[in-house]
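Peer 1: What TrEMBL records for this protein is below:
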type: TRANSMEM; residues: B:20-41; note: transmembrane segment
type: TRANSMEM; residues: B:80-100; note: transmembrane segment
type: TRANSMEM; residues: B:131-153; note: transmembrane segment
type: TRANSMEM; residues: B:165-188; note: transmembrane segment
type: TRANSMEM; residues: B:195-214; note: transmembrane segment
type: TRANSMEM; residues: B:292-313; note: transmembrane segment
Amino acid sequence: MLVINSLTKNYDGFTAVDNLSFKVGEGEIFGFLGHNGAGKTTTISMLVSLIRPSSGSAEIAGYDVVKDNLKVRSMLGYLPENVNLYSNLTAFENLYFFGSLSGVENVEKRINEVLKDLEMHSWKDTKVREFSKGMRQRIGIAQALLHKPRILFLDEPTSGLDPQGTKSIRDLLLYINNKWNTTIFLNTHLLSEVKKICSSIGIISHGQLLMTDSLINIKKKFGSEKSLEDIYFRIEGDQNNGENTVYSI
Amino acid sequence: MSEMIVIARKEIKDSLNNKFFLSILILLLILTIVSIVLGTLQVHSQIAQYNRSIEFLKSMGKTNLPPMPSLNPLSVSKSFVNYVAMIGALLAIVLGNYAVSKERKNGTFKLILSRSIYRDQLINGKLGGNLLLLALINFAIAAVTIIFLTALGGVSLSQADLIRLIFFFAASFLYMALFFIISLFVTLLLPYKNYALLTVIIIWLVFAFIFPQIGDTMDMDNQLPGGFFASMGLNRAQEKQIVNKFKFYETLRNGIEELSPTKHFERISFALLGVKPGFKNNTAWEIANLKWLNLAGLLVPNIILSMLSYLVFLRRENL
Ligand SMILES: Nc1ncnc2c1ncn2[C@@H]1O[C@H](COP(=O)(O)OP(=O)(O)OP(=O)(O)O)[C@@H](O)[C@H]1O
Ligand SMILES: [Mg+2]
């Protein structure tokens with residue numbers, strides 16, 4: 001579904017994403033894990049073709065994210081981090097706008113369908129500014145689903161939510177993945193989140209991919225007694241130690 | 001439905017749901033009405049005064065009565081020019097700022113641009129929607145003006161008057177459009193919306209107050225109320241002759257004023273509304289021709305800044 005090849009992004013000499021290569025299979029929930037400033041958002045921005053890679057390439061369902069960017073964008077749904085939507089407009093008006101922009105046929109019917117699926121239908125005519133953060137995030141996911149995308153890119157969809165809100169978004173993602181076999185690419189710095197819903201993960205640090213594998217394999221490789229948290233810190237630690245070693249020589 | 005129309009419609013809907021924008025709009029409408037009411041009262045009191053003096057002259061047995069002073073129904077809306085110059089510009093500045101800053105703040109630029117649309121469809125929709133909104137606002141104010149002039153002033157507007165009014169509102173649209181596009185452009189360039197707003201307000205103060213002030217202070221014709229040349233009993237040809245003698249001075253003064261879109265707008269408006277004497281017998285078209293330089297002064301920066309906004313919009317990676 002998603003093939004990334006030596007993807008790199010430089011900002012004035014600073015490399016935010018460094019030579020990234022990996023694949024995500026169809027129907028997977030892929031957790032892209034990294035600390036603040038690791039390069040998660042920069043990576044997603046290149047994949048949804050908001051910004052251009054400095055070098056390297058990426059393909060979604062066989063289409064290049066730069067050359068075939070219109071086609072690629074018609075196949076994906078995207079929820080950036082900290083999105084507020086148009087607070088002066090109602091949920092329906094927001095969705096109508098984004099649905100029409102995506103060229104969804106019979107938008108009104110489709111909005112009702114999605115809102116029912118997301119259990120937000122009774123809030124249809126409420127202005128978005130009156131929503132809680134969790135509800136706004138649901139409408140944010142709704143706008144990404146309107147045109148029936150094959151792959152969803154979500155940038156920290158549970159940041160700022162309480163445990164209940166986090167769980168409900170998690171359940172929603174599992175539901176979407178189950179029902180339409182939608183591939184989900186999920187940015188997060190929460191290990192617990194990855195553990196609960198992802199089928200495979202990638203770990204990024206300082207713009208570089210530390211490792212990528214299925215959740216099962218990772219658990220196997222590192223022994224079942226280790227939690228994902230430990231794995232994460234061990235890999236990072238190894239790297240830091242490595243650097244230290246080099247430094248001490 | 002084309003993407004551009006979808007975006008234009010959203011721009012209008014969003015603004016009409018925006019309380020700050022709405023309050024400025026309502027203020028502008030109220031001021032329009034107030035200026036007409038005050039202007040009408042003034043005209044009425046002039047008529048009353050004329051009638052009283054006629055009565056008095058008649059009672060003295062005079063038969064040689066002065067004629068009724070010619071009253072210009074349009075000049076009633078004269079102070080409106082100043083309201084547009086101030087509040088209209090402010091309204092446009094707010095629109096231009098919001099068109100960029102709200103999308104940035106809400107993250108909706110990303111939601112729009114991650115869909116299968118081109119960037120120029122987005123900027124076309126934004127320009128189209130907001131300019132249409134400004135046109136609608138001018139249309140609404142024009143309607144209010146005509147209704148109140150006829151209802152309160154008791155004046156019937158001739159067809160020529162109506163055409164002049166329409167031309168005036170077209171000029172006021174161009175003027176507001178210019179401040180919209182200045183604000184949009186500056187907000188695109190600057191990362192923080194408050195810096196952008198402050199910058200544009202400073203630009204506006206310089207254009208709307210400081211440059212015209214410099215020009216006015218230097219204007220010979222402004223040294224006497226009612227106009228220096230008119231009170232000397234000089235016609236426009238003679239006025240020209242005299243002004244020619246002060247050529248350098250006039251060129252400098254004009255140069256400063258020509259930098260100000262507010263002055264361009266005022267010059268066109270005062271000619272059209274008959275506030276500035278000397279255009280009474282011209283049609284609106286003729287005035288537009290006579291004032292082509294001022295029209296260009298509004299149009300050309302509009303076009304240049306639109307093109308610059310396009311460039312920034314299409315080239316910038318992070319909007
Ligand atoms: N437009 C830009 N210009 C310069 N540097 C940038 C730009 N965008 C991002 N960066 C830098 O690139 C690095 C990666 O940023 P990115 O936003 O991708 O991190 P992230 O993993 O999403 O972090 P977070 O968890 O905080 O969201 C950061 O050091 C950031 O400062
Ligand atoms: Mg991020």
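The backbone N, Cα and C atoms fix where each Cβ goes, and this holds for glycine too.
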Peer 1: Taking residues 6+ outside the transmembrane segment (B:131-153), which of them lie with a CB under 8 Å of any CB in it?
Peer 2: 8, 11-12, 15, 25, 28-29, 32-33, 36-37, 39-40, 43, 73, 76-77, 80, 91-92, 95, 162, 165-166, 169-170, 172-173, 176-177, 180
Peer 1: Is it the case that the transmembrane segment (B:195-214) and the transmembrane segment (B:80-100) have 3 or more CB pairs under 8 Å, with pairs at least 6 apart in sequence?
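Peer 2: Yes, these stretches are in contact.
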Peer 1: So which residues does the transmembrane segment (B:20-41) touch in its own chain, when a touch means Cβ under 8 Å and the partner is 6 or more beyond its ends?
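Peer 2: Distant Cβ neighbours of the transmembrane segment (B:20-41) are 75-80, 83-84, 87-88, 90-91, 94-95, 98, 137, 140-141, 144-145, 148-149, 152-153.
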Peer 1: Using Cβ atoms and a strict cutoff of less than 8 Å, what residues sit near the transmembrane segment (B:165-188) while being 6 or more residues removed from its termini?
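Peer 2: Tertiary neighbours of the transmembrane segment (B:165-188) are 74, 84-85, 88-89, 91-97, 99-101, 126-127, 130-131, 134-135, 137-139, 141-142, 145-146, 157, 196-197, 199-200, 203-204, 261-262, 264-265, 268-269, 272-273, 284, 287-288, 295, 298-299, 301-302, 305-306, 308-309, 312-313, 316, 319.
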